[in-house]
Amino acid sequence: MSLLTQIFGSRNQRLLKQYQKTVREINALEPAMEQLSDAALQAKTPEFKERLAKGEDIDSILPEAFAVCREASKRVLKMRHFDVQLIGGMTLHYGKIAEMGTGEGKTLMATLPTYLNALTGKGVHVVTVNDYLAQRDAEWMGTLYGWLGLSTGVNMSQIDHDAKQIAYNSDITYGTNNEFGFDYLRDNMVYDTADRVQRDLHFAVVDEVDSILIDEARTPLIISGQAENHTELYHKINAVPPLLTLQIGEETPDGKGTVEVPGDYTKDEKAHQVLLTEAGHEKAEQILTRMGLLPEGASLYDAANITLIHHLYAALRAHTLYHKDQHYVVQNDEVVIVDEFTGRLMTGRRWSDGLHQAVEAKEGVRIQNENQTLASITFQNYFRMYSKLAGMTGTADTEAYEFQEIYGLETVVIPQNRPNQRKDRQDQVYKSSEEKYGAMLKDIQDCYERGQPVLVGTTSIENSELLSGILNKANLPHNVLNAKQHAREAEIIAQAGRPKAITIATNMAGRGTDIVLGGNVAKQVQIIEANDALSEAEKTAQAQKLGDEWQSLHDQVVAAGGLHIIGTERHESRRVDNQLRGRAGRQGDPGSSRFYLSLDDALLRIFAGDRVRAIMDRLKMPEGEPIEAGIVSRSIESAQRKVEARNFDIRKQLLEYDDVANDQRKVIYQQRNELLETQDVSELITSLRQGVFADLFRTYVPEQSMEEQWDLKALDEILRNEWQIDFSLAAVLEAEPNITDEEMLERLLQVTDAAYEAKVAIVGRESFAGFERGVMLQSVDSNWREHLAALDHLRQGIHLRGYAQKNPKQEYKREAFELFGQMLNLIKDAVVKTVMTVRIQSREEIDAAEEQLAQAHVENVHYQHADFDPDAAPEELLAPTAQAHEAASQPQVNTMPKVGRNDPCPCGSGKKYKQCHGRLA
């Protein structure tokens with residue numbers, strides 16, 4: 001600790017000291033609040049609203065509003081906010097992250113800033129990780145808000161459009177991060193302002209903020225539609241990977257690395273990548289030629305075969321890096337992704353880039369079509385749009401730097417209401433998995449015999465089922481809580497604190513539900529209270545009996561040492577390990593935790609296995625004897641820090657690339673919204689039309705050029721064939737030899753204006769305006785979709801620019817900007833061409849066309865939180881080479897040579913120029 005910190009205290013201590021003053025103010029108001037009748041207390045809400053409407057600052061009413069909310073909670077929920085919860089509430093109100101331990105009452109704490117900020121009438125979003133928690137918290141806390149005169153809504157995926165609008169128009173809206181993000185994207189795809197559901201993004205309180213803003217920040221939200229069908233190709237390519245062999249070892253430029261066993265491909269588990277060797281390329285080409293997929297003598301890297309190599313790599317990754325019951329499960333003839341952080345099934349989500357189809361081919365299930373992106377956004381860019389953002393979690397301090405760097409959110413560690421009594425024991429490291437599971441079984445048996453509840457955290461469904469099998473053989477009753485049955489997870493977790501309870505849970509399944517020592521009787525009490533057949537006296541007696549039974553069980557568990565946590569493997573993030581430990585020792589309860597590891601575990605095998613194995617061999621450790629030493633724990637923590645730093649780099653790089661698309665997204669969505677809100681777009685259409693025809697004219701009649709350079713015949717032909725305008729500029733020049741080019745352009749614009757007005761006259765200005773708006777929206781949407789695909793292709797190959805001494809990020813920004821300019825020109829051309837060439841006979845035709853345009857965008861739509869594949873550090877997102885960084889300081893020089901139509905496109909996509917940027921040029 002530095003001298004300055006000792007004198008002035010840390011930033012955290014200074015903030016807490018500042019908030020303590022306000023806590024004293026709130027506590028001083030408590031006696032006065034207790035004296036108020038229910039009606040007088042409820043009348044405070046409209047009073048606060050009025051004061052805010054008159055211009056009073058929201059911070060000035062904070063002490064009084066918090067005091068009102070606390071008093072209302074005492075009366076309605078029979079729960080009083082602790083002082084530390086008041087501090088947490090202030091932390092959230094000031095747009096920071098509150099780190100509070102498990103069981104410290106984050107849900108209740110959030111009511112304070114939510115109530116205060118909802119008084120503005122602009123809406124507050126409370127964001128949770130799943131629908132169950134959103135529904136539970138909205139019902140639970142909604143009674144408090146309702147009593148105080150505020151409305152509460154729940155935004156879930158299965159509710160209809162009208163219900164969503166009601167939810168968003170409530171003062172407080174609970175929902176999941178995915179649903180809030182998808183609603184934003186959907187709102188920017190509507191064809192009528194009345195179809196929007198969201199209001200302006202004012203204030204969001206994010207529960208489990210580390211899970212949402214960090215773990216899921218590498219996976220963009222994507223709305224997609226079906227692209228062309230490659231089912232047959234996936235099936236054929238699926239036969240190739242089993243014919244290829246893995247190469248062990250790899251030659252390195254420094255000569256240290258050597259090939260131990262030659263093979264056709266190399267696998268890098270750390271980077272989650274597979275690469276073909278030279279021999280592998282040749283072998284794959286021979287196999288594909290025999291299959292008839294590759295022409296005789298052709299190369300996989302020919303421009304015409306670019307889709308073939310894309311499919312081959314997808315199949316290789318599916319076979320070598322993605323494993324059943326670890327990365328996915330097969331259910332109802334479908335491949336369902338397993339969330340690597342929570343172990344939950346991510347139903348409806350699909351890996352992108354053809355990987356999901358490759359896994360489907362591998363498993364022999366029905367292959368669903370590839371998708372085309374219609375709209376996408378990352379959580380980073382979505383949540384940064386809120387005027388004020390706050391979050392709460394039990395574990396944020398390890399990621400405080402990232403929260404500050406990416407979101408500008410400061411992390412405040414809130415002191416515990418009662419001191420933590422949990423004992424975190426030293427890791428035990430075994431040579432093999434068998435020894436590790438044997439030691440865990442002994443520990444679980446010991447706890448079971450003493451009546452101590454155990455929660456075992458696993459990193460995959462496969463491990464949880466393996467451990468379940470071991471416990472079944474030992475005749476130990478237990479519950480398995482994994483992604484295959486998460487509907488029951490809250491119920492199982494709530495009872496995981498009963499004596500002798502053994503619960504196996506994948507990672508953080510059941511997060512958000514407290515484990516109460518002795519079990520949770522709240523649900524049974526609710527059933528008794530809801531039973532109208534019982535008198536009040538009988539209800540009280542039965543509830544009392546339940547309470548006494550619970551107290552007895554609670555005391556029994558406390559005497560046995562509280563909840564014991566067993567970790568079967570260290571996660572690559574220290575935070576996830578801390579979350580598992582944090583399930584024990586809530587509210588000052590006793591508890592303990594221990595991680596059992598083996599050298600076969602993924603993290604140890606990849607990062608620290610050789611070092612630890614060398615230590616064990618040197619010490620001549622006997623079979624079944626663990627290492628329990630600080631040096632090993634430090635090695636593991638060092639490995640975790642490396643992975644965390646790498647993952648942070650990936651997220652930061654992803655954000656820097658997505659910021660380019662985000663700036664463009666804002667422009668497109670803003671223009672789209674202006675279009676929706678404009679009733680008559682004829683002025684805009686006129687401006688576009690005149691611009692397009694002026695550009696067309698200048699292509700054939702350059703400014704300040706001689707008459708000999710004009711190509712009026714070609715221009716006349718294009719006007720007649722492409723634009724259906726029967727007007728000859730060549731004839732005009734022949735009739736008036738002295739006419740200037742400016743006068744000719746003016747004449748052309750008069751003719752096009754007249755053709756346009758003739759169309760409008762057939763159906764009337766009002767009807768045609770709706771059609772024009774529909775055409776513009778449809779053109780913006782379709783070209784934006786194509787642009788997103790072009791950006792994806794650009795990003796996939798951009799890392800190669802590092803080898804040409806160029807900074808890939810700068811190159812990406814420059815080319816993305818050029819593509820955006822080309823897209824805007826394409827939109828203008830498409831709109832003007834449609835409006836000028838459409839044939840209209842009646843108003844009914846125009847109404848039908850308008851309806852068709854509005855419907856075109858909603859067919860075959862899928863919603864994915866597309867797995868960006870967080871483990872794969874894509875080369876394009878990692879700093880390519882040292883040369884690239886040197887190139888960053890060099891001025892940008894356009895050195896692009898003249899490209900032939902059939903040459904590979906210089907953007908790096910691998911396509912022919914005429915099929916890529918040449919199509920846009």
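Cβ coordinates come from backbone N, Cα and C, glycine included.
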Task = According to Swiss-Prot, Gln85, Gly103, Glu104, Gly105, Lys106, Thr107 bind ATP; so which of Asp514, Asp532, Asp548 is the extra one listed there?
result = Asp514
Ask   = Sequence gap of 6 or more, C-beta under 8 Å: which same-chain residues meet both conditions with respect to Asp514 (ATP binding site)?
value = Thr102, Gly103, Ala494, Asn520, Arg586
Query = Within the chain of Gln85 (ATP binding site), which residues six or more apart in sequence place their C-beta under 8 angstroms from its C-beta?
reply = Glu104, Gly105, Leu108, Met109, Leu112, Asn417
Secondary structure at Gly105 (ATP binding site), reduced by DSSP to three states = coil
